[in-house]
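Participant: Right, I'll just put the structure down here and ask away after.
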(Lines of atoms letter the chains of each structure in order from A and count residues from 1; the text may use other names and numbers.)
(Lines give C-alpha, C1' and ligand atoms only; values in the text may rest on other atoms or scores of the structure.)
Protein backbone atom coordinates (compact mmCIF):
# COMPACT_ATOMS: atom_id res chain seq x y z
CA UNK A 1 0.00 0.00 0.00
CA UNK A 2 1.21 3.50 -0.73
CA UNK A 3 2.28 5.81 2.03
CA UNK A 4 1.19 9.37 1.67
CA UNK A 5 4.21 11.65 1.50
CA UNK A 6 4.98 14.10 4.25
CA UNK A 7 3.77 11.94 7.08
CA UNK A 8 4.00 13.25 10.59
CA UNK A 9 7.17 13.10 12.66
CA UNK A 10 5.21 11.50 15.49
CA UNK A 11 4.16 7.89 15.09
CA UNK A 12 6.56 6.75 12.44
CA UNK A 13 5.53 3.08 12.49
CA UNK A 14 4.18 1.81 9.20
CA UNK A 15 0.48 1.34 8.81
CA UNK A 16 -0.41 -2.29 9.25
CA UNK A 17 -2.58 -4.16 6.87
CA UNK A 18 -5.99 -2.53 6.86
CA UNK A 19 -8.68 -3.85 4.58
CA UNK A 20 -7.98 -7.50 5.09
CA UNK A 21 -10.47 -9.94 3.73
CA UNK A 22 -14.07 -8.89 4.23
CA UNK A 23 -14.75 -12.03 6.24
CA UNK A 24 -12.17 -10.96 8.81
CA UNK A 25 -14.35 -8.25 10.31
CA UNK A 26 -16.48 -10.34 12.57
CA UNK A 27 -17.55 -9.67 16.15
CA UNK A 28 -16.15 -11.78 18.97
CA UNK A 29 -18.77 -14.28 20.20
CA UNK A 30 -21.57 -12.75 22.32
CA UNK A 31 -20.59 -14.57 25.51
CA UNK A 32 -16.97 -13.46 25.21
CA UNK A 33 -18.03 -9.83 24.67
CA UNK A 34 -20.24 -9.88 27.76
CA UNK A 35 -17.59 -11.58 29.91
CA UNK A 36 -14.96 -9.06 28.78
CA UNK A 37 -17.22 -6.13 29.59
CA UNK A 38 -18.13 -7.67 32.95
CA UNK A 39 -14.45 -8.12 33.78
CA UNK A 40 -13.60 -4.58 32.65
CA UNK A 41 -16.40 -3.02 34.72
CA UNK A 42 -15.53 -5.15 37.75
CA UNK A 43 -11.91 -3.95 37.69
CA UNK A 44 -13.07 -0.35 37.20
CA UNK A 45 -15.41 -0.64 40.23
CA UNK A 46 -12.73 -2.22 42.42
CA UNK A 47 -10.20 0.48 41.49
CA UNK A 48 -12.58 3.22 42.59
CA UNK A 49 -11.75 4.19 46.18
CA UNK A 50 -15.09 5.81 47.03
CA UNK A 51 -16.83 2.76 45.64
CA UNK A 52 -14.80 0.46 47.89
CA UNK A 53 -15.66 2.53 50.98
CA UNK A 54 -19.34 2.27 50.11
CA UNK A 55 -19.14 -1.41 49.17
CA UNK A 56 -16.93 -2.81 51.93
CA UNK A 57 -15.88 -0.34 54.61
CA UNK A 58 -19.27 1.16 55.50
CA UNK A 59 -21.09 -2.22 55.65
CA UNK A 60 -18.33 -3.63 57.90
CA UNK A 61 -18.51 -0.57 60.16
CA UNK A 62 -22.30 -0.95 60.33
CA UNK A 63 -21.90 -4.62 61.22
CA UNK A 64 -19.51 -3.85 64.07
CA UNK A 65 -21.76 -0.99 65.19
CA UNK A 66 -24.78 -3.28 65.39
CA UNK A 67 -22.89 -5.88 67.47
CA UNK A 68 -21.60 -3.41 70.07
CA UNK A 69 -24.93 -1.56 70.56
CA UNK A 70 -28.16 -3.03 71.95
CA UNK A 71 -30.18 -1.93 68.89
CA UNK A 72 -31.01 -5.48 67.75
CA UNK A 73 -31.33 -7.10 71.19
CA UNK A 74 -34.23 -9.51 71.54
CA UNK A 75 -34.79 -10.07 67.82
CA UNK A 76 -32.83 -13.32 67.57
CA UNK A 77 -30.34 -15.60 69.26
CA UNK A 78 -27.51 -13.01 69.06
CA UNK A 79 -26.85 -9.49 67.81
CA UNK A 80 -24.48 -10.70 65.07
CA UNK A 81 -26.97 -13.32 63.81
CA UNK A 82 -29.62 -10.62 63.31
CA UNK A 83 -27.14 -8.08 61.92
CA UNK A 84 -25.31 -10.04 59.19
CA UNK A 85 -28.25 -10.73 56.80
CA UNK A 86 -29.06 -7.01 56.83
CA UNK A 87 -25.43 -6.17 56.15
CA UNK A 88 -25.45 -8.50 53.12
CA UNK A 89 -28.58 -6.70 51.90
CA UNK A 90 -26.81 -3.37 52.43
CA UNK A 91 -23.89 -4.63 50.31
CA UNK A 92 -26.28 -5.40 47.45
CA UNK A 93 -27.76 -1.91 47.69
CA UNK A 94 -24.27 -0.29 47.78
CA UNK A 95 -23.03 -2.03 44.67
CA UNK A 96 -26.12 -2.52 42.53
CA UNK A 97 -27.91 0.74 43.24
CA UNK A 98 -25.52 3.45 44.39
CA UNK A 99 -22.19 2.33 42.92
CA UNK A 100 -23.46 1.06 39.59
CA UNK A 101 -26.00 3.90 39.29
CA UNK A 102 -23.37 6.62 39.72
CA UNK A 103 -20.92 4.89 37.34
CA UNK A 104 -23.62 4.50 34.68
CA UNK A 105 -24.75 8.11 35.12
CA UNK A 106 -21.26 9.44 34.45
CA UNK A 107 -20.65 6.96 31.62
CA UNK A 108 -23.77 8.38 30.05
CA UNK A 109 -22.55 11.96 30.52
CA UNK A 110 -19.17 11.22 28.91
CA UNK A 111 -20.67 9.38 25.94
CA UNK A 112 -19.17 6.05 27.02
CA UNK A 113 -22.54 4.30 26.71
CA UNK A 114 -23.02 5.66 23.21
CA UNK A 115 -19.51 4.75 22.08
CA UNK A 116 -19.65 1.21 23.47
CA UNK A 117 -23.06 0.66 21.91
CA UNK A 118 -21.54 1.31 18.48
CA UNK A 119 -19.00 -1.50 19.02
CA UNK A 120 -19.98 -5.16 18.67
CA UNK A 121 -20.78 -5.11 22.41
CA UNK A 122 -24.00 -3.17 21.76
CA UNK A 123 -26.56 -1.95 24.29
CA UNK A 124 -27.66 -5.40 25.44
CA UNK A 125 -24.08 -6.55 25.94
CA UNK A 126 -23.30 -3.38 27.84
CA UNK A 127 -26.17 -3.91 30.29
CA UNK A 128 -25.32 -7.60 30.63
CA UNK A 129 -21.71 -6.66 31.40
CA UNK A 130 -22.87 -4.24 34.11
CA UNK A 131 -25.08 -6.90 35.71
CA UNK A 132 -22.14 -9.31 35.64
CA UNK A 133 -19.87 -6.74 37.30
CA UNK A 134 -22.46 -6.12 40.04
CA UNK A 135 -22.65 -9.88 40.71
CA UNK A 136 -18.85 -10.23 40.76
CA UNK A 137 -18.37 -7.37 43.22
CA UNK A 138 -21.27 -8.66 45.33
CA UNK A 139 -19.60 -12.08 45.44
CA UNK A 140 -16.42 -10.51 46.82
CA UNK A 141 -18.46 -8.52 49.36
CA UNK A 142 -20.20 -11.68 50.54
CA UNK A 143 -16.81 -13.37 50.98
CA UNK A 144 -15.37 -10.49 53.03
CA UNK A 145 -18.50 -9.92 55.14
CA UNK A 146 -18.92 -13.66 55.80
CA UNK A 147 -15.27 -14.02 56.83
CA UNK A 148 -15.43 -11.08 59.25
CA UNK A 149 -18.88 -12.14 60.54
CA UNK A 150 -17.73 -15.69 61.26
CA UNK A 151 -14.83 -14.24 63.24
CA UNK A 152 -17.36 -12.17 65.20
CA UNK A 153 -19.31 -15.33 66.01
CA UNK A 154 -21.97 -15.43 63.27
CA UNK A 155 -23.85 -18.76 63.21
CA UNK A 156 -26.00 -18.79 60.08
CA UNK A 157 -28.73 -21.41 59.67
CA UNK A 158 -27.18 -23.94 57.28
CA UNK A 159 -30.47 -24.32 55.40
CA UNK A 160 -30.45 -20.57 54.76
CA UNK A 161 -27.50 -20.40 52.39
CA UNK A 162 -29.24 -21.54 49.21
CA UNK A 163 -32.39 -19.39 49.52
CA UNK A 164 -30.33 -16.58 51.05
CA UNK A 165 -27.92 -16.29 48.16
CA UNK A 166 -30.73 -16.61 45.60
CA UNK A 167 -32.65 -13.83 47.33
CA UNK A 168 -29.50 -11.72 47.47
CA UNK A 169 -29.13 -12.04 43.67
CA UNK A 170 -32.80 -11.13 43.24
CA UNK A 171 -32.28 -8.10 45.48
CA UNK A 172 -29.24 -7.10 43.43
CA UNK A 173 -31.38 -7.38 40.28
CA UNK A 174 -34.06 -5.06 41.65
CA UNK A 175 -31.49 -2.53 42.87
CA UNK A 176 -29.62 -2.71 39.53
CA UNK A 177 -32.87 -1.96 37.70
CA UNK A 178 -33.57 0.97 40.06
CA UNK A 179 -30.01 2.28 39.70
CA UNK A 180 -30.21 2.13 35.90
CA UNK A 181 -33.60 3.86 35.98
CA UNK A 182 -32.16 6.79 37.96
CA UNK A 183 -28.89 6.91 35.98
CA UNK A 184 -30.70 6.85 32.65
CA UNK A 185 -33.22 9.57 33.35
CA UNK A 186 -31.55 12.37 35.35
CA UNK A 187 -28.22 14.21 35.21
CA UNK A 188 -25.24 12.35 36.74
CA UNK A 189 -24.93 14.91 39.55
CA UNK A 190 -28.56 14.24 40.45
CA UNK A 191 -27.94 10.48 40.22
CA UNK A 192 -25.05 10.92 42.65
CA UNK A 193 -27.24 12.85 45.10
CA UNK A 194 -30.32 10.62 44.79
CA UNK A 195 -28.54 7.28 45.09
CA UNK A 196 -26.34 8.40 48.00
CA UNK A 197 -29.29 9.96 49.85
CA UNK A 198 -31.46 6.88 49.33
CA UNK A 199 -28.58 4.66 50.46
CA UNK A 200 -28.49 6.53 53.78
CA UNK A 201 -32.29 6.80 54.16
CA UNK A 202 -33.04 3.21 53.18
CA UNK A 203 -30.02 2.00 55.11
CA UNK A 204 -31.19 3.68 58.32
CA UNK A 205 -34.98 3.64 57.99
CA UNK A 206 -35.75 1.32 55.08
CA UNK A 207 -35.79 -1.90 57.08
CA UNK A 208 -32.57 -3.16 55.54
CA UNK A 209 -30.29 -3.52 58.59
CA UNK A 210 -32.77 -2.52 61.30
CA UNK A 211 -35.88 -4.71 61.15
CA UNK A 212 -39.29 -3.10 60.82
CA UNK A 213 -40.28 -3.77 64.44
CA UNK A 214 -37.49 -1.49 65.68
CA UNK A 215 -38.55 1.38 63.39
CA UNK A 216 -41.10 4.13 64.18
CA UNK A 217 -44.70 2.89 63.89
CA UNK A 218 -45.36 5.17 60.93
CA UNK A 219 -42.70 3.58 58.72
CA UNK A 220 -43.45 -0.03 59.73
CA UNK A 221 -46.31 -0.45 57.25
CA UNK A 222 -44.35 1.04 54.36
CA UNK A 223 -41.09 -0.78 54.96
CA UNK A 224 -42.41 -4.19 53.93
CA UNK A 225 -43.19 -2.85 50.47
CA UNK A 226 -39.78 -1.24 49.92
CA UNK A 227 -37.07 -3.25 48.13
CA UNK A 228 -34.78 -2.52 51.09
CA UNK A 229 -37.25 -3.81 53.70
CA UNK A 230 -38.23 -6.83 51.63
CA UNK A 231 -34.60 -7.81 50.96
CA UNK A 232 -33.53 -7.28 54.58
CA UNK A 233 -36.47 -9.29 55.95
CA UNK A 234 -36.15 -12.11 53.41
CA UNK A 235 -32.43 -12.50 54.17
CA UNK A 236 -33.04 -12.48 57.95
CA UNK A 237 -35.73 -15.16 57.55
CA UNK A 238 -33.34 -17.24 55.45
CA UNK A 239 -30.19 -16.97 57.57
CA UNK A 240 -31.95 -16.97 61.00
CA UNK A 241 -34.58 -19.66 60.39
CA UNK A 242 -33.75 -21.25 57.04
CA UNK A 243 -37.14 -20.20 55.69
CA UNK A 244 -38.26 -18.43 52.51
CA UNK A 245 -40.39 -15.31 52.99
CA UNK A 246 -42.64 -15.60 49.92
CA UNK A 247 -44.25 -12.19 50.45
CA UNK A 248 -40.89 -10.41 50.50
CA UNK A 249 -39.72 -12.35 47.44
CA UNK A 250 -42.88 -11.25 45.60
CA UNK A 251 -42.21 -7.61 46.54
CA UNK A 252 -38.65 -7.91 45.16
CA UNK A 253 -39.91 -9.52 41.94
CA UNK A 254 -42.40 -6.68 41.47
CA UNK A 255 -39.76 -3.99 42.02
CA UNK A 256 -37.45 -5.73 39.55
CA UNK A 257 -40.17 -5.96 36.91
CA UNK A 258 -41.47 -2.41 37.38
CA UNK A 259 -38.08 -0.68 37.63
CA UNK A 260 -36.67 -2.82 34.82
CA UNK A 261 -39.62 -2.03 32.56
CA UNK A 262 -39.43 1.67 33.39
CA UNK A 263 -35.67 1.69 32.71
CA UNK A 264 -36.19 0.02 29.33
CA UNK A 265 -38.91 2.54 28.51
CA UNK A 266 -37.27 5.77 29.71
CA UNK A 267 -33.52 5.17 29.74
CA UNK A 268 -31.81 7.88 27.67
CA UNK A 269 -28.49 6.84 26.14
CA UNK A 270 -27.27 10.38 25.57
CA UNK B 1 -16.51 12.66 -10.06
CA UNK B 2 -16.22 9.00 -10.83
CA UNK B 3 -18.70 6.93 -8.90
CA UNK B 4 -17.31 3.50 -8.08
CA UNK B 5 -19.13 0.53 -9.56
CA UNK B 6 -19.33 -1.11 -6.10
CA UNK B 7 -22.37 -0.45 -3.99
CA UNK B 8 -22.02 2.59 -1.71
CA UNK B 9 -21.15 2.00 1.95
CA UNK B 10 -23.87 4.39 3.07
CA UNK B 11 -27.04 5.56 1.37
CA UNK B 12 -29.39 7.97 3.13
CA UNK B 13 -32.64 8.83 1.45
CA UNK B 14 -35.04 11.54 2.61
CA UNK B 15 -33.94 11.39 6.24
CA UNK B 16 -36.23 13.22 8.67
CA UNK B 17 -35.51 13.52 12.38
CA UNK B 18 -37.76 15.27 14.89
CA UNK B 19 -36.71 15.80 18.48
CA UNK B 20 -38.77 16.87 21.44
CA UNK B 21 -41.35 17.84 22.48
CA UNK B 22 -39.29 20.77 23.69
CA UNK B 23 -40.42 23.16 26.45
CA UNK B 24 -38.70 26.01 24.60
CA UNK B 25 -41.03 25.44 21.65
CA UNK B 26 -44.27 25.34 23.71
CA UNK B 27 -44.04 21.56 23.78
CA UNK B 28 -43.73 21.22 20.00
CA UNK B 29 -41.32 18.95 18.17
CA UNK B 30 -38.25 20.39 16.52
CA UNK B 31 -37.33 19.10 13.06
CA UNK B 32 -33.52 18.94 13.08
CA UNK B 33 -33.16 17.01 9.81
CA UNK B 34 -35.70 17.47 7.04
CA UNK B 35 -35.39 15.30 3.96
CA UNK B 36 -31.63 14.88 3.78
CA UNK B 37 -30.08 12.47 1.27
CA UNK B 38 -26.52 11.39 0.67
CA UNK B 39 -24.34 8.62 -0.70
CA UNK B 40 -20.90 7.64 0.59
CA UNK B 41 -18.63 5.42 -1.47
CA UNK B 42 -15.94 2.91 -0.57
CA UNK B 43 -12.40 4.25 -0.82
CA UNK B 44 -13.56 7.86 -0.53
CA UNK B 45 -13.81 10.52 2.12
CA UNK B 46 -17.32 11.97 2.16
CA UNK B 47 -17.70 15.16 4.18
CA UNK B 48 -20.84 16.65 5.70
CA UNK B 49 -20.04 20.33 5.92
CA UNK B 50 -22.22 22.74 7.80
CA UNK B 51 -22.41 25.26 10.62
CA UNK B 52 -22.98 24.17 14.21
CA UNK B 53 -26.55 22.97 14.58
CA UNK B 54 -26.98 22.20 10.88
CA UNK B 55 -27.94 18.57 11.62
CA UNK B 56 -24.67 16.85 10.71
CA UNK B 57 -24.22 14.92 13.94
CA UNK B 58 -27.89 13.93 14.08
CA UNK B 59 -27.62 12.60 10.53
CA UNK B 60 -24.61 10.40 11.16
CA UNK B 61 -25.96 9.26 14.54
CA UNK B 62 -29.07 8.02 12.75
CA UNK B 63 -26.74 6.15 10.36
CA UNK B 64 -24.85 4.65 13.32
CA UNK B 65 -28.09 3.46 14.96
CA UNK B 66 -27.55 5.80 17.93
CA UNK B 67 -30.68 7.80 17.14
CA UNK B 68 -33.97 6.57 15.69
CA UNK B 69 -35.02 8.37 12.53
CA UNK B 70 -38.51 9.83 12.16
CA UNK B 71 -38.75 9.03 8.44
CA UNK B 72 -36.63 8.16 5.44
CA UNK B 73 -34.36 5.22 4.72
CA UNK B 74 -30.78 4.43 5.63
CA UNK B 75 -28.68 1.62 4.23
CA UNK B 76 -25.31 1.07 5.90
CA UNK B 77 -23.37 -1.71 4.13
CA UNK B 78 -26.73 -2.88 2.84
CA UNK B 79 -28.36 -3.09 6.27
CA UNK B 80 -30.74 -0.92 8.28
CA UNK B 81 -28.73 0.37 11.27
CA UNK B 82 -31.87 0.38 13.47
CA UNK B 83 -32.32 -3.38 13.23
CA UNK B 84 -28.80 -4.63 12.46
CA UNK B 85 -26.80 -6.50 15.08
CA UNK B 86 -23.22 -7.08 16.17
CA UNK B 87 -22.31 -8.34 12.69
CA UNK B 88 -22.82 -4.87 11.21
CA UNK B 89 -21.31 -3.04 14.19
CA UNK B 90 -18.11 -5.09 13.77
CA UNK B 91 -17.68 -3.60 10.27
CA UNK B 92 -18.24 0.02 11.27
CA UNK B 93 -15.92 2.26 13.31
CA UNK B 94 -17.25 5.32 15.11
CA UNK B 95 -15.45 8.32 16.57
CA UNK B 96 -17.93 10.44 18.49
CA UNK B 97 -17.66 14.19 18.86
CA UNK B 98 -17.24 13.93 22.63
CA UNK B 99 -14.90 10.94 22.37
CA UNK B 100 -17.01 8.61 24.49
CA UNK B 101 -14.02 7.22 26.40
CA UNK B 102 -14.25 6.53 30.16
CA UNK B 103 -12.32 9.29 32.03
CA UNK B 104 -10.67 6.92 34.51
CA UNK B 105 -9.38 4.53 31.83
CA UNK B 106 -5.77 4.34 30.66
CA UNK B 107 -5.23 4.28 26.89
CA UNK B 108 -3.67 0.87 26.33
CA UNK B 109 -5.90 -1.30 28.55
CA UNK B 110 -8.89 0.54 27.06
CA UNK B 111 -7.81 -0.19 23.48
CA UNK B 112 -7.09 -3.82 24.36
CA UNK B 113 -10.53 -4.11 25.93
CA UNK B 114 -12.26 -2.75 22.84
CA UNK B 115 -10.09 -4.94 20.60
CA UNK B 116 -11.45 -7.95 22.50
CA UNK B 117 -14.91 -7.25 21.08
CA UNK B 118 -13.68 -8.25 17.60
CA UNK B 119 -12.70 -11.59 16.13
CA UNK B 120 -9.67 -10.25 14.28
CA UNK B 121 -8.83 -6.73 15.50
CA UNK B 122 -6.19 -4.39 14.20
CA UNK B 123 -3.08 -5.15 16.30
CA UNK B 124 -3.24 -2.66 19.17
CA UNK B 125 0.54 -2.13 19.21
CA UNK B 126 0.45 -1.00 15.60
CA UNK B 127 -2.31 1.52 16.27
CA UNK B 128 -0.51 2.80 19.35
CA UNK B 129 2.68 3.40 17.39
CA UNK B 130 0.91 4.83 14.35
CA UNK B 131 -1.04 7.41 16.36
CA UNK B 132 1.76 8.25 18.79
CA UNK B 133 -0.25 6.97 21.75
CA UNK B 134 2.82 5.49 23.48
CA UNK B 135 3.86 9.02 24.47
CA UNK B 136 0.85 9.31 26.81
CA UNK B 137 0.04 5.66 27.52
CA UNK B 138 0.30 6.05 31.30
CA UNK B 139 -2.06 9.01 31.53
CA UNK B 140 -5.74 8.54 32.32
CA UNK B 141 -8.22 9.75 29.69
CA UNK B 142 -9.37 12.57 31.98
CA UNK B 143 -5.85 14.10 32.00
CA UNK B 144 -5.21 13.88 28.25
CA UNK B 145 -5.06 17.01 26.12
CA UNK B 146 -7.78 17.54 23.54
CA UNK B 147 -5.53 16.33 20.74
CA UNK B 148 -4.39 13.23 22.63
CA UNK B 149 -8.00 12.37 23.39
CA UNK B 150 -8.92 12.72 19.70
CA UNK B 151 -6.07 10.42 18.66
CA UNK B 152 -7.11 7.82 21.23
CA UNK B 153 -10.74 8.07 20.10
CA UNK B 154 -9.60 7.56 16.51
CA UNK B 155 -7.60 4.49 17.56
CA UNK B 156 -10.67 3.15 19.39
CA UNK B 157 -12.75 3.66 16.23
CA UNK B 158 -10.15 1.84 14.11
CA UNK B 159 -9.35 -1.09 16.39
CA UNK B 160 -11.96 -3.28 14.70
CA UNK B 161 -10.32 -2.58 11.32
CA UNK B 162 -13.66 -1.32 9.94
CA UNK B 163 -14.92 -1.09 6.36
CA UNK B 164 -16.72 2.15 7.18
CA UNK B 165 -15.40 4.85 9.48
CA UNK B 166 -17.49 7.70 10.92
CA UNK B 167 -15.59 10.72 12.23
CA UNK B 168 -17.53 13.48 13.96
CA UNK B 169 -15.43 16.66 13.86
CA UNK B 170 -12.12 14.77 13.67
CA UNK B 171 -9.78 17.75 13.91
CA UNK B 172 -11.40 19.35 16.98
CA UNK B 173 -8.72 20.17 19.54
CA UNK B 174 -5.82 18.90 17.41
CA UNK B 175 -2.53 20.77 17.40
CA UNK B 176 -0.94 21.16 13.92
CA UNK B 177 1.31 18.09 14.33
CA UNK B 178 -1.49 15.78 15.48
CA UNK B 179 -3.69 17.17 12.76
CA UNK B 180 -1.15 16.28 10.11
CA UNK B 181 -0.78 12.80 11.61
CA UNK B 182 -4.55 12.24 11.69
CA UNK B 183 -5.04 13.62 8.18
CA UNK B 184 -2.27 11.44 6.77
CA UNK B 185 -3.80 8.39 8.39
CA UNK B 186 -7.25 9.24 7.04
CA UNK B 187 -5.79 9.59 3.54
CA UNK B 188 -4.03 6.22 3.85
CA UNK B 189 -7.17 4.52 5.09
CA UNK B 190 -9.13 5.99 2.22
CA UNK B 191 -6.53 4.75 -0.26
CA UNK B 192 -6.72 1.29 1.27
CA UNK B 193 -10.43 1.15 0.43
CA UNK B 194 -12.15 2.24 3.63
CA UNK B 195 -15.29 4.34 3.22
CA UNK B 196 -14.91 7.39 5.46
CA UNK B 197 -17.74 9.72 6.43
CA UNK B 198 -16.82 12.81 8.41
CA UNK B 199 -18.62 15.87 9.66
CA UNK B 200 -16.93 19.20 9.99
CA UNK B 201 -17.70 22.86 10.25
CA UNK B 202 -14.15 23.64 9.11
CA UNK B 203 -13.88 24.38 5.40
CA UNK B 204 -10.18 23.67 5.54
CA UNK B 205 -10.79 20.08 6.72
CA UNK B 206 -13.23 19.44 3.90
CA UNK B 207 -10.96 21.07 1.36
CA UNK B 208 -7.94 19.02 2.43
CA UNK B 209 -9.60 15.67 3.06
CA UNK B 210 -12.83 15.20 1.20
CA UNK B 211 -13.40 13.54 -2.16
CA UNK B 212 -17.02 14.54 -2.07
CA UNK B 213 -18.72 17.21 0.03
CA UNK B 214 -22.35 17.63 1.07
CA UNK B 215 -23.09 21.10 2.37
CA UNK B 216 -25.84 20.88 4.98
CA UNK B 217 -27.87 23.78 6.30
CA UNK B 218 -30.88 23.68 8.64
CA UNK B 219 -31.16 19.90 8.20
CA UNK B 220 -31.25 20.03 4.39
CA UNK B 221 -28.85 19.42 1.52
CA UNK B 222 -27.96 22.79 0.03
CA UNK B 223 -25.09 21.82 -2.28
CA UNK B 224 -22.90 18.86 -3.11
CA UNK B 225 -19.96 17.99 -5.27
CA UNK B 226 -16.23 17.52 -5.29
CA UNK B 227 -14.29 20.39 -3.78
CA UNK B 228 -13.35 21.52 -7.30
CA UNK B 229 -16.99 21.45 -8.42
CA UNK B 230 -18.09 23.45 -5.40
CA UNK B 231 -15.38 26.04 -5.94
CA UNK B 232 -16.84 26.73 -9.38
CA UNK B 233 -20.30 27.08 -7.90
CA UNK B 234 -22.30 30.19 -8.80
CA UNK B 235 -19.88 31.69 -11.25
CA UNK B 236 -21.57 33.84 -13.91
CA UNK B 237 -22.83 31.93 -16.96
CA UNK B 238 -20.43 31.72 -19.89
CA UNK B 239 -17.44 31.95 -17.60
CA UNK B 240 -16.58 28.30 -18.31
CA UNK B 241 -15.60 27.33 -14.82
CA UNK B 242 -12.96 29.89 -14.02
CA UNK B 243 -11.99 30.24 -10.39
CA UNK B 244 -12.87 33.30 -8.44
CA UNK B 245 -9.66 34.70 -7.03
CA UNK B 246 -8.70 37.53 -4.77
CA UNK B 247 -5.63 39.68 -5.31
CA UNK B 248 -4.50 41.26 -2.04
CA UNK B 249 -1.94 44.07 -2.01
CA UNK B 250 -0.77 46.93 0.16
CA UNK B 251 0.50 50.24 -1.10
CA UNK B 252 -0.25 53.97 -0.74
CA UNK B 253 -3.83 54.75 0.34
CA UNK B 254 -6.60 56.36 -1.68
CA UNK B 255 -5.77 55.08 -5.18
CA UNK B 256 -8.52 55.14 -7.80
CA UNK B 257 -8.47 51.97 -9.90
CA UNK B 258 -11.43 52.89 -12.11
CA UNK B 259 -11.07 51.36 -15.57
CA UNK B 260 -7.94 49.35 -14.71
CA UNK B 261 -9.70 46.00 -14.31
CA UNK B 262 -12.77 44.62 -16.12
CA UNK B 263 -16.29 45.20 -14.73
CA UNK B 264 -16.60 41.76 -13.09
CA UNK B 265 -13.73 42.48 -10.71
CA UNK B 266 -14.40 44.36 -7.50
CA UNK B 267 -11.70 46.43 -5.86
CA UNK B 268 -12.16 47.46 -2.25
CA UNK B 269 -9.88 49.27 0.17
CA UNK B 270 -10.56 47.41 3.44
CA UNK B 271 -8.35 49.75 5.45
CA UNK B 272 -6.17 52.61 4.30
CA UNK B 273 -3.66 51.26 1.76
CA UNK B 274 -4.88 47.65 1.93
CA UNK B 275 -6.70 46.58 -1.22
CA UNK B 276 -8.56 43.43 -2.33
CA UNK B 277 -9.50 42.77 -5.96
CA UNK B 278 -11.99 39.88 -6.24
CA UNK B 279 -13.34 38.24 -9.37
CA UNK B 280 -12.55 35.79 -12.18
CA UNK B 281 -9.07 37.26 -12.53
CA UNK B 282 -7.11 36.39 -15.68
CA UNK B 283 -3.38 36.66 -16.38
CA UNK B 284 -4.24 39.69 -18.54
CA UNK B 285 -5.86 41.38 -15.51
CA UNK B 286 -2.66 40.84 -13.49
CA UNK B 287 -0.61 42.31 -16.35
CA UNK B 288 -2.97 45.28 -16.53
CA UNK B 289 -2.73 46.15 -12.86
CA UNK B 290 1.05 45.72 -12.64
CA UNK B 291 1.44 47.86 -15.80
CA UNK B 292 -0.74 50.51 -14.15
CA UNK B 293 1.55 50.47 -11.09
CA UNK B 294 4.66 50.60 -13.28
CA UNK B 295 3.34 53.64 -15.16
CA UNK B 296 2.92 55.45 -11.81
CA UNK B 297 6.04 54.18 -10.07
CA UNK B 298 4.01 52.31 -7.45
CA UNK B 299 5.69 49.39 -5.69
CA UNK B 300 3.29 47.40 -3.41
CA UNK B 301 4.72 46.54 -0.04
CA UNK B 302 2.91 43.17 -0.16
CA UNK B 303 1.15 41.20 -2.85
CA UNK B 304 -0.69 37.86 -2.79
CA UNK B 305 -3.17 35.93 -4.87
CA UNK B 306 -5.76 33.65 -3.25
CA UNK B 307 -8.16 31.27 -4.87
CA UNK B 308 -11.76 31.37 -3.80
CA UNK B 309 -12.02 29.17 -0.75
CA UNK B 310 -14.65 26.61 0.10
CA UNK B 311 -15.53 28.94 2.94
CA UNK B 312 -16.62 31.60 0.45
CA UNK B 313 -18.76 29.05 -1.36
CA UNK B 314 -20.25 27.87 1.90
CA UNK B 315 -21.07 31.39 3.02
CA UNK B 316 -22.54 32.24 -0.40
CA UNK B 317 -24.81 29.23 -0.22
CA UNK B 318 -25.84 29.15 3.40
CA UNK B 319 -25.93 32.91 3.96
CA UNK B 320 -23.64 35.05 6.01
CA UNK B 321 -25.84 35.70 9.01
CA UNK B 322 -24.70 34.38 12.37
CA UNK B 323 -26.88 31.55 13.64
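Here the Cβ of each residue, glycine as well, is placed from N, Cα and C on the backbone.
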Participant: Among A:224-245, A:246-267, indicate the range for which TrEMBL gives the feature transmembrane segment.
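Facilitator: Checked against TrEMBL: transmembrane segment maps to A:246-267.
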Participant: Can at least 3 Cβ pairs under 8 A be found between the transmembrane segment (A:190-210) and the transmembrane segment (A:246-267), with each pair 6 or more apart in sequence?
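Facilitator: Per Cβ check, the transmembrane segment (A:190-210) does not touch the transmembrane segment (A:246-267).
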Participant: Check for me, if you would, whether the transmembrane segment (A:127-154) reaches the transmembrane segment (A:52-72) - at least 3 Cβ pairs under 8 Å, residues 6 or more apart in sequence.
Facilitator: yes
Participant: Residues of the same chain, at least six outside the transmembrane segment (A:160-183), with any C-beta under 8 angstroms of its C-beta?
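Facilitator: For the transmembrane segment (A:160-183), the sequence-distant neighbours (Cβ-Cβ under 8 Å, at least 6 residues beyond its ends) are 85, 88-89, 92-93, 95-98, 100-102, 104-105, 108, 127, 130-131, 134-135, 138, 142, 191, 194-195, 227, 230-231, 234-235, 238-244, 248-249, 252-253, 255-256, 259-260, 262-263, 266-267.
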